[in-house]
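Data block below; observations after.
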Amino acid sequence: MLVLRSALTRALASRTLAPQVCSSFATGPRQYDGTFYEFRTYYLKPSKMNEFLENFKKNAHLRTAHSELVGFWSVEFGGRMNKVFHIWKYDNFAHRTEVRKALAKDKEWQEQFLILNLALIDKQESEITYLVPWCKIEKPPKEGVYELATFQMKPGGPALWGDAFKRAVHAHVNLGYTKLVGVFHTEYGALNRVHVLWWNESADSRAAGRHKSHEDPRVVAAVRESVNYLVSQQNMLLIPTSFSPLK
């Protein structure tokens, strides 16, 4: 028995251990840059839009003293009326936490803006987004209107639909049908969601460019490929406020 046990021990020790298999949930390029953008949407009570915007215009400097405002718009078309949309930039999550703590202690901001405007707001929404790795925010050449197009993609992440989506966006940009401001993917909110922020000189120029792109076989081919991964889409026409950094 001892001889058998010794032989068995030597045989097991001599076996080559099988390599460990590592798995990953990653479905696209890693997000090495901690910078993110918070999308905030406020639904205002009917007839209170102008009052809210005037209050914000007067006190915007109190809020931007704490963190960077990328843009602030009123929603002209697309969904519910009396709605404003704004984007804030943060270095990382610790930065946002510190900003929120500072705002809670800022009596001037609390008294001159927050307390007054809370009564005007009916509902608030927030999303945390990153810029896609192949995009940076581009500032438009002059004042105009903006379109925020939101795409709900199939589960699977950028590894599944990223390349096709990129080709569809670049097809519109490279052929001059519109100007791209930024492409964002959601980190907190509805997952597998991509927001594309476009700029046009006017709503009419946007419509003209859209009609031409629909007749361009190069754009049609690129869009058709990305549609295979699309669940739904929606858009809003945005008008920049007088105090918005992006005009």
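Every residue gets a Cβ built from N, Cα and C, even glycine.
Keep in mind that what you see is a predicted model, and the values were worked out from it rather than measured.
These come from TrEMBL:
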{"type": "DOMAIN", "residues": "37-136", "note": "domain 'NIPSNAP'"}
{"type": "DOMAIN", "residues": "146-245", "note": "domain 'NIPSNAP'"}
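Mapped onto DSSP helix, strand and coil, the domain 'NIPSNAP' (37-136) counts 41 helix, 37 strand, 22 coil.
Taking H, G and I as helix, E and B as strand and the rest as coil, DSSP gives the domain 'NIPSNAP' (146-245) the counts 40 helix, 37 strand, 23 coil.
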